[in-house]
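Comments concern the structure below.
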């Protein structure tokens, strides 16, 4: 077994830095005996690892191989099966139970003893040994060392060292001296044992020889034991003394612990008290300010504001768990609630009195503003009230009911005040528009309500008289109401424009200032600038207008502070929109063209308001009023078109420039001057298209109905006038209509000239038409002269009928006739006459060309020349 142990150490464990401590030859219980070895090993490096390794001999050779290894700390139980009888079986409990049968009981006991030693040394008695003889375990520990596992055999085991080179050499020499050292290891071991016994005997004899020294040693040991006993007695006395000291120290430690605990509790209690005192104690000065503070002076308001903020902080302090159950805390909270209620009531009463006083103060200043077209300035009142803004915020956060009531009272007082101011303001505006109060009554203006109660405007039918008295006897497009055209001059319109602009310029800052004050005073969030759809939108539908906006008379749900601002503004300024609509109706009744001024001004103010805040009250209100202005403008355009359709022409006088054509020029010139640089140009462009379409249609209608004046003359003169107007005004949206007017004028001028020139040379005209007809039928031009009806004699006969004198006479009659057809206003006589001259010369050249081609070599010529024609036309034009 020793040789096997040596071989295993060398081949298997030394390469792994392990030392083999014990070995047992085993096989598994209940199976065919296949022997293997269980080895107990420790590592040579720190920390020491103890393992149980299963080593098996290879089937194909004499070498051994490592099969399985278990850590000793995983071993739970060692079961020897029987502690009394010798039994080679034993069990090792690792992750499962392994049953083994040792080759001999001695090997089994040696192996278990080694395991027990390793357990004592490295595992602190962790392993349970079952059915193991106590004698076997006691033998494993030398006498006097039961309390220590560092001595005895285990110490020798731990001190085992590998053989060095010299030791190996000595063993080899010893084995060479014995022939059977290798072949019979047991005999060799017995030999060595006998030799060892001989050596042991020699050692014993040597020891017995030194008995005297041993006795001396024993005596010294006895003396040492006595000294040890004395030391132990002293140590015992010291221990008794220290025991009393220990008890006293324990009492002192317990007392210190109680003192520390008391101090800790006192610190925590002080912290809680300081927290409550610091956060729930209101200064006497603050309490006095809340109860008696002056709410009229700036210093008093500031003191009340600071006190209110301090009170709010005390009431909103986040109490720690359990604080609300303290009686003192409950009393303090009740005191704070009473102070809050008392101050909120005092603040509300004071502000209500301020609102009422404001109404009285402002009423006293209405008289001086009633003369001028200005609105009273509320800035001083706003400035005074803004001192209370922080207190209003405090009231909103602490008592919303009183805050809401104060808000309603403010709206109620201010709405009545603003209603008086605005109605008086609009009364002055209406008086200034109409000139005097008496004149205002003529328009149905009664009291400050500004309602229009006159008769509806009647549309006078236009009747075209002679060109001289047409303007004085016919109603113009400017006569849209019951006012005569003579009253509607530029000065009146400019005056109305200034008054209307002054009204809007006064209203706009008033509304913006009030809205800004409301947001600051009542601590409401101002509107943010938004892009997209505004509160008021208009849609054109067949000349009408649909308005999608809120109705001020219908209560809107308040979903946010923004809505609250809008609702407050609606209630405070509920009279603005009706008054503006009444003013617009008055301006429209005075002169329907005032709608142009109002559209431009209102559009500009709406555009400005929407750039600032598209959802504000001002923007929305002006947007709604703009819808009304747009309706009046569309109505004005519709009435103009209706009057065009109702125009009647005189059968006895020439037509000339139609009234609605002249009035379109006046309308366009006025509109261009008003809409210059205006933001709402699109409305005017749409109106232009409607008007010009109606003008074109009705010019043709009148031309077709004209009996005294030729159709071409009516078309030529009126379209020339339209073209001249559009060219002068340069209206970009009517470029196509300008070209169309020019084309119609040119076409009808040419038609009139050709029609008129056909009469003076009628026979000559008919003769050459016959010549052209023969040529068209296939007769060669040079053979036309052989036709009986178109021979040279017939040509000379026709030419003789138109000598120069007759031609001049015919042209003179033609000039007179054209002069009767054309009107003086348009001054087209010379233009038409020059065109006739050119056409006459063109016909003359055409006739001469036919004579040259159809009657070659005949020498036949006209009895007048082109120069004669030019002289005739010039003399006729100069004579007239």
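Each residue, glycine too, has its Cβ placed from N, Cα and C.
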207-255, 256-304, 305-353 - the range that TrEMBL marks as coiled coil: 207-255
TrEMBL annotation of region 'Disordered' - which of the ranges 511-532, 533-554, 555-576 it falls on: 533-554
Range annotated as region 'Disordered' - as stated in TrEMBL, picked from 400-426, 427-453, 454-480, 481-507: 454-480
DSSP helix/strand/coil residue counts for the domain 'Exocyst complex component Sec3 PIP2-binding N-terminal' (31-122): 21 helix, 38 strand, 33 coil
Confidence summary for the domain 'Exocyst complex component Sec3 PIP2-binding N-terminal' (31-122), mean pLDDT rounded: 86
